Amino acid sequence: MPVATLLPFTATPSRKSSSPTSFRLTEKFILLLVFSAFITLCFGAIFFLPDSSKLLSGVFFHSSAVETNTRKGTDSDSNIAVGTDEKILAKIRKDHEKALVEAKDTLQKRPDEIKQDIQNEKDKVFKEDLSKGGKDDDNLPVIEYVQPPGATGHEPSDPETKERREKIKEMMKFAWDSYKRYAWGSNELRPVSMQGHSSNLFGSIKGATIVDALDTLYVMEMYEDFEMATEWVEKNLDFNVNAEVSVFEVNIRFVGGLLSAYYLSGKEVFRKKAIQLGEKLLPAFKTPTGIPWALLNLKSGIGRNWPWASGGSSILAEYGTLHLEFMHLSKLSGNPAFAEKVMNIRKVLNRLDKPQGLYPNYLNPNSGQWGQHHVSVGGLGDSFYEYLLKAWLMSDKTDEEGKKLYYDALQAIETSLMRKSSGGLTYIAEWKGGLLEHKMGHLTCFAGGMIALGADGAPEDKTGHQMEQAAEIARTCHESYARTTLKLGPEGFRFDGGVEAIATRQNEKYFILRPEVIETYMYMWRFTHDPKYREWGWEAVQALEKHCRVEGGYSGVRDVYASSPNHDDVQQSFYLAETLKYLFLLFSDDDHLPFEHWVFNTEAHPLPVIKKEMTDTDKPNQLE
């Protein structure tokens with residue numbers, strides 16, 4: 001049959017067609033109306049069917065939701081749906097009745113019982129988290145914070161000591177308020193020009209003074225200022241910068257400051273920030289030996305050494321002053337990489353021959369060999385020796401390797417570097433290629449406190465001998481202050497050419513608010529309670545107030561032998577972190593940050609001793 005007969009309304013009329021079977025125009029029009037009505041009726045019926053939207057979606061779009069509901073039988077029977085609703089309502093009634101019973105029982109309990117129930121529930125959740133290796137939102141292990149003893153102390157009973165302690169707190173408040181007023185958010189303050197100052201040591205990281213001062217604010221119970229600093233850290237401290245920083249300085253000031261603030265206050269933001277920064281520093285160890293670079297770009301992870309450092313060498317005091325902070329980073333993060341990095345440094349050093357038992361200041365991170373044979377317990381070497389001793393103390397005296405390395409090094413220093421002047425002053429000289437240079441730096445004056453701190457653990461009953469050495473070094477360093485016009489110590493002083501404990505070169509006559517002499521006074525007071533150490537400390541306070549205090553804060557001076565001070569216009573962050581903290585502790589009782597519970601990093605940030613549990617099983621160390 002011709003197609004035209006089946007679908008006459010689709011055929012194009014032909015003028016030549018005269019077949020008797022073809023429809024006339026009026027017939028075609030009627031058929032078209034009938035067919036259109038039929039189609040409309042069919043489609044309209046679909047929309048009036050029950051749940052037509054689901055039917056259409058199932059027919060035309062094969063909806064997975066419809067298929068799922070069909071498989072589950074949710075639409076198969078209205079009786080089933082009614083039964084399900086009744087079950088849900090019944091469960092709601094049951095839960096409601098149970099909650100009412102529990103609330104009634106709770107109200108009948110005493111307040112102490114309710115408090116104990118809450119604590120038991122918290123302990124249960126905490127243990128469950130630990131058993132599952134619980135992590136927080138930043139993938140950090142769950143840690144139950146317990147504040148170590150002596151975070152704050154009571155006022156001294158002696159009226160004069162109390163008055164002096166309050167004076168030092170006032171000095172801290174003035175230094176801090178000046179920074180807040182003129183340089184808030186900057187790394188440091190220029191107190192003469194009253195504006196912010198930034199050192200290239202920190203790249204474009206901001207807030208060095210804020211982070212450095214956190215624990216001092218807490219220790220001095222300046223809690224409002226501590227909270228303000230905490231808020232700044234939370235909102236503004238950013239390590240995602242495309243900048244090159246000193247690994248050493250950022251570690252001791254920023255990582256150390258954040259760790260200490262966490263252990264004192266328990267605020268989680270400090271733990272998180274410290275670990276974030278620690279992770280940023282890890283690429284510095286990507287060298288053939290694992291000895292870290294001195295400088296690191298925090299964004300690219302590319303490191304290098306100071307161009308002036310003996311053929312591209314790393315510096316002893318820089319790579320050797322990471323141990324305390326990195327051991328705590330491993331404890332707080334659950335990441336063993338931090339501890340592994342610093343323990344590897346020891347392995348490298350143990351393989352090397354030490355000239356006369358001494359550690360040269362330069363070590364090539366590529367070859368693993370010493371650079372220029374220059375040895376100093378002052379700049380370039382100082383805190384390496386300090387951290388050997390403190391690694392042992394911080395480990396609750398379980399790090400026997402650290403202990404041996406320290407006492408062996410101290411013996412070599414006594415034999416090769418420690419000398420006594422014709423006037424009877426004991427000093428620690430510097431060693432250059434077998435020749436002694438009879439000078440001592442202000443930085444070296446920390447050694448009096450270090451030797452006193454380690455004397456109790458000295459081998460072969462040398463405790464008394466080492467305490468005598470510590471006292472002699474403290475006296476020498478006091479003389480370096482007393483023999484200046486301003487009664488402030490020079491950067492370096494010599495014992496040759498007929499002079500003793502006096503700076504003879506212009507570039508050694510400056511004083512930049514350094515803490516090392518005060519540090520030794522504090523340790524010597526704690527171990528001997530000889531009143532002269534407090535008197536010497538008070539002399540330093542008076543000199544600071546007279547010559548370093550200016551309208552906008554505290555400034556270093558360029559020449560301590562001048563009749564009047566010429567200010568350098570920098571309030572160093574370590575003045576708040578170290579100098580003022582050590583002065584405050586010098587006039588505090590011994591139970592304030594006691595040595596059996598706390599160890600100070602080289603920036604005076606107190607870190608807790610990692611107590612080893614005395615159990616039959618070999619459990620990991622716990623932080624007390």
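Cβ atoms are placed via backbone N, Cα and C, with glycine included.
Heads up, TrEMBL stuff is auto-annotated, nobody curated it.
What TrEMBL annotates here:
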| type | residues | note |
| --- | --- | --- |
| ACT_SITE | GLU249 | active site, proton donor |
| ACT_SITE | ASP382 | active site |
| ACT_SITE | GLU491 | active site, proton donor |
| ACT_SITE | GLU516 | active site |
| BINDING | THR602 | Ca(2+) binding site |
| COMPBIAS | 129-138 | compositional bias 'Basic and acidic residues' |
| COMPBIAS | 155-164 | compositional bias 'Basic and acidic residues' |
| DISULFID | CYS445-CYS477 | disulfide bond |
| REGION | 129-164 | region 'Disordered' |
| TRANSMEM | 29-49 | transmembrane segment |
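The two recorded residues, CYS477 (disulfide bond) and GLU491 (active site, proton donor), have Cα atoms 11 Å apart. If you look at the compositional bias 'Basic and acidic residues' (155-164), the same-chain residues 6 or more away from its ends with a CB under 8 A from one of its CBs are 534, 538, 541, 587-589. Each residue contributes its Cα atom, and for GLU491 (active site, proton donor) and GLU516 (active site) those atoms are 11 Å apart. In this structure the alpha carbons, written CA, of THR602 (Ca(2+) binding site) and ASP382 (active site) are 9 Å apart. Residue density at GLU516 (active site): 24 other Cβ atoms are found within 10 A of its Cβ, drawing on all protein chains shown. The CA atom of ASP382 (active site) is located 10 Å away from the CA atom of CYS445 (disulfide bond). Taking only the Cα positions, the spacing between GLU249 (active site, proton donor) and GLU516 (active site) is 16 angstrom. Within 10 Å of the C-beta of THR602 (Ca(2+) binding site) there are 25 other C-beta atoms, taking all protein chains into account. When Cβ atoms from all protein chains are considered, those within 10 Å of CYS477 (disulfide bond) total 29, not counting its own. A Cα-Cα distance of 6 Å separates CYS445 (disulfide bond) from GLU516 (active site). The residues of the compositional bias 'Basic and acidic residues' (155-164), classed with DSSP into helix (H, G, I), strand (E, B) and coil, number 6 helix, 0 strand, 4 coil.
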